[in-house]
């Protein structure tokens with residue numbers, strides 16, 4: 001095991017000098033004793049002359065030149081398998097929940113090759129989420145990739161928590177949650193929510209929060225993904241939740257300049273597309289098992305053309321776009337039905353009835369969008385009878401797209417609802433065909449199925 005010495009420390013980037021005949025490989029883990037704590041470094045570049053440039057996986061405070069560094073001669077390895085379920089771990093797979101050792105039987109390196117072309121499988125099976133707007137407008141594929149796009153505070157994390165709860169309870173599958181650079185409070189809320197719903201023993205939690213150094217946030221997504229790959233290779237259908245993929249990109253940006261790379265557009269790292277590709281290509285389904293991934297994507301300044309969200313778009317099967325305008329109307333989940341897309345919304349996959357209903361809902365909402373200017377200037381009375389009907393139905397549809405969440409019961413005071421796809425299609429079809437024209441639009445707000453809206457109307 002070779003030993004080197006620290007020659008330079010700039011923030012999270014540490015240069016280490018090794019003997020010429022024992023230079024560590026790129027992505028090897030190194031270990032240094034920093035006071036009472038062991039700090040892990042990951043080799044990023046070989047600079048020549050025996051010097052390697054590394055990223056620290058923890059705080060580099062207290063490091064000084066001349067400290068001894070050991071080459072562990074393998075990449076960072078984390079525990080995998082059932083022992084990780086119900087536990088909270090950090091980027092190195094060490095437990096941070098005060099419950100003792102993980103007790104794993106196996107450890108895997110976090111850097112792995114993506115499955116080869118012939119191992120991949122293509123599935124057309126739908127994954128029912130119980131959330132009306134998602135199941136109708138942008139259905140998820142089992143083994144597909146979904147992005148939750150939204151600016152600050154429109155509900156990405158709440159939507160993700162609801163998805164985990166619904167899928168864990170209704171489909172009883174294993175999930176891995178990677179918290180990448182998000183708020184520690186959310187991580188804490190999330191753990192307690194999972195415990196209260198009795199699904200914690202089906203979820204592995206890996207956290208690298210906002211206060212962690214960039215090296216930690218850059219690698220924590222890979223730690224979570226490695227745990228998910230193990231479940232997949234055992235022949236299971238596993239869910240991988242990443243909150244937030246933007247912080248993964250941002251961590252790369254933070255260390256990129258320190259590693260001596262020229263910045264590219266908007267100051268992002270020049271290797272943005274490659275870094276994203278390396279992660280996304282591993283999140284895939286094979287003939288043994290599937291990984292269905294849901295990734296929250298923070299959209300800086302609500303600009304979807306920013307390089308980070310734009311690079312993520314290319315890898316997804318379905319996009320759920322959360323809109324600030326819809327959130328400001330008090331409609332939650334604030335999913336934009338006109339902006340959200342899914343490859344699965346195809347009559348050959350979802351069936352003709354589902355497809356026609358979704359497209360019908362979109363055309364009514366689109367027409368309402370066009371009429372809004374006329375209504376704002378001239379008022380409702382100037383519209384034709386046909387347009388008045390479209391507006392009335394559109395407003396009912398808009399309200400019916402809202403739904404009380406289980407994970408938000410504390411805030412809303414109304415019990416959460418899980419709506420089956422069959423009931424969702426029946427409800428929206430009924431509104432479009434005019435079956436519920438006689439009901440007031442308030443009856444459709446924050447209810448589950450259409451039958452609940454009818455019941456609510458009787459009380460109004």
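Glycine too: its Cβ is placed from the backbone N, Cα and C atoms.
For reference, Swiss-Prot has these:
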type: BINDING; residues: 150, 151, 152, 153, 154, 155, 156, 157; note: ATP binding site
Starting from the ATP site formed by 150, 151, 152, 153, 154, 155, 156, 157, give every other residue of that chain whose CB sits within 8 Å of the mean position of their CB atoms, in sequence order.
298, 322, 327
When the number of other CB atoms within 10 A of each residue's CB is tallied over all shown chains, which of the binding-site residues 152, 154 has the maximum?
154
DSSP three-state call for residue 157 (ATP binding site): helix, strand or coil?
helix
Secondary structure at residue 150 (ATP binding site) (DSSP, helix/strand/coil)?
strand
Looking only at 150, 151, 155, the binding-site residues on record, which one has the least crowded Cβ, with the fewest other Cβ atoms within 10 Å?
151
Output, ordered by sequence, the same-chain residues six or more apart from residue 157 (ATP binding site) with a CB under 8 Å from its CB, or 'none'.
182, 186, 190, 243, 296
Around residue 153 (ATP binding site), which residues of its chain at least 6 apart sit with Cβ under 8 Å of its Cβ?
none
